Ligand SMILES: Nc1ncnc2c1ncn2[C@@H]1O[C@H](COP(=O)(O)OP(=O)(O)OP(=O)(O)O)[C@@H](O)[C@H]1O
Ligand SMILES: Nc1ncnc2c1ncn2[C@@H]1O[C@H](COP(=O)(O)OP(=O)(O)OP(=O)(O)O)[C@@H](O)[C@H]1O
Ligand SMILES: [Mg+2]
Ligand SMILES: [Mg+2]
């Protein structure tokens, strides 16, 4: 972004080592940040990026190594000290108190008071308004955080940091949950921040964003420092190679294939959300055998309700779901699964797994009451563990121990368990909702391969993703969802992100009413 | 502190007597405590060993009796009618062991090794009813019961009869408000009920409700009204307000029986009935502090009549109704 | 893993005994003497052992009830009320039904378990249908059960005259065992059976087996546990979540009700007016927690607490020491089981010290 | 029909019964808004009742007694705090332990201080909590019936106001609630999660102790084993009923108190309803209300979750 002033080091982390028990999450990592610089931090899942930043922010105390902020050594680990020194952090999972208003969140921890500890929201609002003005960040201060969009929530986080006078801001995977439009806005905000002399550290798995935003990039692998490179001098492939220590194939390998007969038909579906608002509004769609149909769309346009409606988790108000010619509208989840519809759920920890169950128990979640896993209500332990072991081997789940609990697995391996289970159900239609969210490139590769395999076996796959890249690379056809309806179906070969983004934002849609 | 520590150490003490309380516990300010005081007095006077075990739930009675059975007690007391079944079973299983029970009569079926000790609670209740009716200025008095049953019936109907007697004799028309707390250990409720009665215009409330009655007395204190205590002389709880108490000298019953035991006169298979005659029921000695002498004089007259059998005090609904007929 | 858990539990119990000992010592009693009396009071005679079992049965069963619910993600504070309902129903059915011996008892137990199951099921239903948290609904149901019990006792057709108790159940409904052994020539056997020892302990063991088997070996157990751990995932996997919650509470309630029923059929033979909660359900919570919510653990913890509750009060006539020290001990034991981290720290410190000393 | 004085009587009785519950429910509000479940309110209330009665008896100073009751409840709560905050204990389990300890300690100590009795000796009327409006209104007049209450009743309402104010209007309150909703967020902002939770839990013990004393030195004048029996749990229910808000908890407590008032009133009217059935009413009403009107009430999000920055570094 070229606002960097290399004569001023604002952060120096030297030889940082951090242990959790006997496990070394960080092992001698270095990082230097200059004034006005945007510095990317790259590494696989679990490489230690977040841990490193938590050390910087004072949430963890390092076992070894030193941290200097603007030349001063930090002597103890405590967020208040970091805050005082001008370090702000926007966490991967937003650190916002949902039932609080925006302004309450902004001032929390550095509240203005009138005396006797009585809150003075007015002066906090004034101060926040000033910041919003200066950096072009607009949010409604009196709304509750739980009622605003994710993009807005991120702005709140940024304002929070600035409110505390931060001039060094750490972003942990800031774009993972944003829409393309919001990502663009975010890049502009970063630009504006560095322009005003702020320094930025950004963690992201998206190499393109690194290229777009960062001046330099530090790469760590399994807690070890690998390299720091000038972003303008390396390609995306080189970055990825450094990150995983081998070559990475970005393209999804996919043979040409003719789609077959229609297997799933959605007719005029209407589904409401928890607040009783119609989120899916007269949606129709056809899915054929042997194709991957991608659904592109900005979060909140009815994707979740659509999936829940189809899978029997939410009532369909009107319309029909027809699978293999059978009407499965508003059947119970059990019946729908039985009819041949499987689902890799959006939220793997909430819906996909029972975290306190063993891998083996999770593997039979939909089939525990079928033979051979049980007979007349009695579980067959041997059949279950044999089954689990087969899948563990086939899908390379680590650790390869059916007795391990789901909560002990890493995100990528949790996803593998789900995919193994759903694919083994041998469904006619597989719904994959955000199947690669939060996964690193290696894991993503695996997931995409699995989806394509399904397609090649003449199954139908419905891929729902906010990642345009993914939708474009993996799908055979792309349907764009906007405001609860399909607003267009395009061929990935004949389109690009720009057009999709336009459609996803409702461009070209004219409401009938 | 505690019970029977002295009793435990010396093997010389010839006789050991112990008791099992009901769930009220030994310091219930009511009959359990009274019984324990009787035993302690016996310990002092006769040099016996005395101890107790407290019960915390009904299921404790049997094992508690067994605990005492194993510690070589000459006589084991069960305090309160709640223990009647447990005592009976235990007595039948251990024919060589002597038992006694307070507030319960097995009548004809009393086992040979058991003595029942019962009190004519209706008699002192009659007397306090008379006092209440004589002293009320509002012509309304109250009765707060614990849980309805034969024992508390005696108090209620004795009291009502006393009021009825006074109504006739004094030409008054005193009304009796009656309410049960359905609990023997809920002073808050006792207080609220008494408050309700005072609010309705009663100025004297008699209670036969164990710990619940503490609340009744509390209400009297707060409202500066009168209350009448039960079982023991409860005047000490509110000297200005507890004008009298319908005393049931459980201590005396216990003490007397231990004395008989010591003298080798223990007579199993019988029931001892204590009334005014034996001096085991009466109004509290402190009554003279608050009750005018002329009323107390009249009470003495009534006592004589009861002892002489001229007045037969009713002890339940039926006898009470019959009794009111005779007053007409 | 398992060994560690057992170690933590034993350590908690020891710490609890230490705390109890300190309380006794501070108030001027010799803790060793007191513990001696308790141990003697439990083990020195066959009869005492019987009593310990008798005292343990209800809390083992309420413990199993709580543990079962716990394993399915529900916190059943209502074992107390379910126990009461079981007891009251057993007393009613034991008195009013007229059936041949043996069959009568079986029928009574079934009816009591059904009634208590329904009582637990109400809380389950309220949770699944109306989202009422089971902790609050079971607290309310406990009180309703208590007054219901008193209402039943005071019912004129059922109340035993001159008492605050109900009629006795019929002979045919009793579950005392082997009455003949009471007059056995063998002193030990005579001692054991001189108490109202009954089939309760057998029921408790059977119930523990049932809980273990159901939870670990059946699809029902799988469903219930899945729902307990993660309702969303269970729903997604096709499990009927609402039904599971109700079933779980029904079973939990039935277990507590079995506790009440065995107590009535085997020990008290009647029910009486309850002035306050007797605490069987709350003791059950302690039992379940100390037992790490496992069936075997609950049985062992139930026996331990049963022993404390039976043997503990004996220090009162013997030493004049307050028997409430038992509650302090139970409280401390539960307290320490709540915080394994604390014990880990202590164990670590001890280890380090030993290391230094060497 | 029901007369004005009768209504006044019911109201007065309602207040008498509600006040102890209110303190304790407020205690629950404090603790759980900071994210620590406190199922041990019953034990804390019990020890408060005992301490209040004991200190009141020996010193004759009701205010000292009231404070001491708060301190005792606070000390017990401190144990709960150590377990559930520092050692990341299961808060429900620890709370259950508090109930055993609170009850056990009270009776144990009572036997030591009162010659083996579990019943403490009564406090003189003059040494009980004062009644600020006593003697101002004509006895048993409408105003007297409603307003002639012990100071504890009025303090309870002040406490509702105070805690509402603290929680929703002050910095401290904002922080307490943030710690209960999202402790990690608070932590990243330099807020000391553990300190705030300690504060709130200890406050909850103090309030519960007050609640116990409001029973033992105002409603009645001594402590006995069955004095509290279950009121702590009722207060817990009231707090949930009141959706974890001070004012909500207050209304719920008034509902429970009101039901008691009605029971007493009905019991005196000679209407032939079983006392037992009447006694069930408040609990049945609560269930119905929860079913019908309140529905799902969710507490603070992080309620019950220990916040441990990292595993204990051994
Ligand atoms: N906060 C934590 N406390 C304890 N263990 C943790 C914590 N976070 C993660 N782990 C464990 O550490 C291991 C590694 O997790 P992580 O998600 O970082 O793995 P990963 O290397 O990114 O794997 P993948 O690439 O498959 O996602 C897992 O066993 C996980 O359960
Ligand atoms: N509190 C913790 N206790 C134990 N292990 C931890 C803890 N936090 C992180 N870890 C482990 O440390 C390693 C690094 O984790 P970290 O969260 O820093 O990874 P990351 O690079 O941010 O991964 P991701 O891309 O998935 O966010 C992982 O293996 C993780 O499991
Ligand atoms: Mg990861
Ligand atoms: Mg991370």
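Keep in mind that glycine also has a Cβ here, set from the backbone N, Cα and C atoms.
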(message) In TrEMBL, one of C:27-48, C:49-70, C:137-158 is tagged transmembrane segment. Which stretch would that be?
(response) C:49-70
(request) Determine which residues of the chain contact the transmembrane segment (C:77-97) at the Cβ level, with the cut-off under 8 Å and only residues 6 or more beyond its ends counted. (result) 58, 61-62, 65-66, 104, 107-109, 111-113, 115-117, 119-120, 123, 134-135, 137-139, 141-146, 148-149, 152, 158, 166-170, 173-174, 252-254, 256-261, 263-265, 268-271, 274, 277-282, 284-285
(request) Using a Cβ cut-off of under 8 Å, list the residues of the same chain at least 6 residues beyond the transmembrane segment (C:245-265) that approach it. (result) 57-62, 64-66, 68-69, 72, 74, 76, 78-80, 82-91, 94, 105, 108-109, 112-125, 127-128, 134, 169, 173-175, 198-200, 203-204, 207, 211, 214, 220, 224, 227-228, 271, 280-281, 284
(message) Which residues of the chain, 6 or more past the ends of the transmembrane segment (C:49-70), have a CB below 8 A from one of its CBs?
(response) 42-43, 76, 79-80, 82-83, 120, 191-198, 200-201, 203-204, 207-208, 211, 214-215, 248-249, 251-253, 255-256, 258-260, 262-263, 266-267, 280-281, 283-289, 291, 293-295, 297-299, 301-303, 305-307, 309-311
(message) Do any residues, 6 or more residues outside the transmembrane segment (C:103-126), come within under 8 Å Cβ-to-Cβ of it, and if so which ones?
(response) 65, 74, 76, 78, 81-83, 85-87, 89-90, 93-94, 97, 132, 134, 137-138, 141, 145, 169-170, 172-175, 203, 245-254, 256-258, 260-262, 264-265
(request) Could you tell me what the rest of the chain brings near the transmembrane segment (C:197-215), counting residues at least six beyond its ends with Cβ under 8 Å? (result) 50, 53-54, 56-58, 60-61, 64, 67-68, 71, 109, 174-177, 221, 224-225, 251, 255, 258, 262-263, 265-267, 294-296, 298-299, 302
(message) Below 8 angstroms Cβ to Cβ, which residues of this chain, lying six or more residues outside the transmembrane segment (C:328-347), approach it?
(response) 8-9, 11-13, 15-17, 19-20, 23, 283, 286, 289-290, 292, 305, 308, 312
